[in-house]
Amino acid sequence: MEGAFAANWSAEAVNGSAAPPGTEGNRTAGPPQRNEALARVEVAVLCLILFLALSGNACVLLALRTTRHKHSRLFFFMKHLSIADLVVAVFQVLPQLLWDITFRFYGPDLLCRLVKYLQVVGMFASTYLLLLMSLDRCLAICQPLRSLSRRTDRLAVLVTWLGCLVASAPQVHIFSLREVADGVFDCWAVFIQPWGPKAYITWITLAVYIVPVIVLATCYGLISFKIWQNLRLKTAAAAAEAAAGAEGEAADWAGRAILARVSNVKLISKAKIRTVKMTFIVVLAFIVCWTPFFFVQMWSVWDADAPKEASPFIIAMLLASLNSCCNPWIYMLFTGHLFQELVQRFLCCSFRRLKGSRPGETSVSKKSNSSTFVLSQYSSSQRRCSQPSTL
C-alpha cells in the first residue's frame, strides 16, 4: 500500500539523495541510498501479508463455491469482497514487495502506470464493496420488504467495480517513469507544485476513507436503533401477554395491539443479527487498518517537516494491507460451517481416492455377496461427498 498514490518514499535514506517526486532537476550525481535494515523489515512484513491475503481469500472463494448456500446474498457480497482483497494482494502488495526488493522500478513506462493504476483499483474496490455489503445489511434490517433483489445486487456490484476502475484513472496520468538521479530511473508521481500533492491526497482520503466511514457509521447507527427498537417492543409485548391472563380481555387487546406494532420487526432473526455482527467486525477492522495509513499520508503532504523516513512512519503505511488479511479470518469466525463443509468435502474426496487406489478392491467387489456391500458403502461415501454437512 505504501506509495500507492503518493511519493514512493520506501526506505530511502534520510540524507535525501533521491529527488522528490514532482520536481524537475535538483538531481545528484550519486545513486540514491536507502535504509537496508528497514527495507528488510518491509520485505518481511509484505511477504507475510501477501501469504495471508492469498491463502485466506482463496479459501473463502473455494468455500463459497462448494457450499450449498452459494446463492445467499451475503455470500454474494462476501465473494466479491474476497475478489477485491485478492486484487489488493496480487496487484498492490506483490508489486510493492518486488519494488522493495529491487529498490527501484525496473520496467517500461507503461508497466509503471499500469501497476500504479491497479494498486488504487484494489483499494477503491475493497472499500466500496464493503460499503455496499453494509448497505445491504442495513436494508435487510431496517427495510426487510424493500431489500435488494438478486438482479439489483448484481447491478450494484457491477456499477461499483466500474466506478472503481474510473476513479483510479488519474493514477495513469500522475505516475510515470522518470529520472530521479543521474542515470537512475524510477516510477514517480508528477504533481503541480505546491498544491497538487495536497489536493490529490486529500481527495483520495475523502473518497476512500472519510466519506465511507461516515456512511458506514450511519448504517450501523440505523441498524443499532432498529435492533434496540425490536428488543424494546418484544419486551413490551411479552409483558402485555403475561398481564393478559391476570387482567382479562382488556389486557389481551392491549397485548395484541403491541404485537401488531412489533410484527414488522419480528423479521430481525438471529441469523440476520449474526450477519450484522460479522459486517460490523469487518468495518471495525477496516477502520483500524486504514486509519494509520491515511493519517501519515495526510501528514506527509500537509507538513513539510514530516518524518517520512522514520520507521514508524513507513510501517504505518504497510498496515492498510492487513485489512485484506483480516477479512477471511472474520468470515471463518462467523460462518464456520462454510469451512467445515470445505474441509469435510476435501477429506471425503481424499478418502475416495485412497480407497479407489487400494489393490485387490476390484476382485473383492466381484464377489456376489460382498459386491453389494462394497458398492453400497462406496455410493454412501459418494453421497456424503456430494452433500456437505449443514452444520
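Numbering starts at 1 and runs along the chain as displayed.
Glycine residues also receive a Cβ, built from the backbone N, Cα and C atoms like all the rest.
Disulfide pairing as given by Swiss-Prot: among C47, C59, C164, C187, C112 connects to C187. When N26, N369 are looked up in Swiss-Prot, the one carrying the note N-linked glycosylation site is N26; the rest have no such note there, which does not rule it out for them. The topological domain 'Extracellular' (176-202) scores a mean pLDDT of 87 in the predicted structure. Secondary structure at C187 (disulfide bond), taken from DSSP and collapsed to helix, strand or coil, is strand. The transmembrane segment (278-296) is in contact with the transmembrane segment (114-135), judged by 3+ CB-CB distances under 8 Å for residue pairs 6 or more apart in sequence. For C112 (disulfide bond), the count of additional Cβ atoms within 10 Å of its Cβ stands at 20 [all protein chains shown]. Counting Cβ pairs closer than 8 Å and at least 6 residues apart in sequence, the transmembrane segment (114-135) and the transmembrane segment (39-63) reach fewer than three and form no contact.
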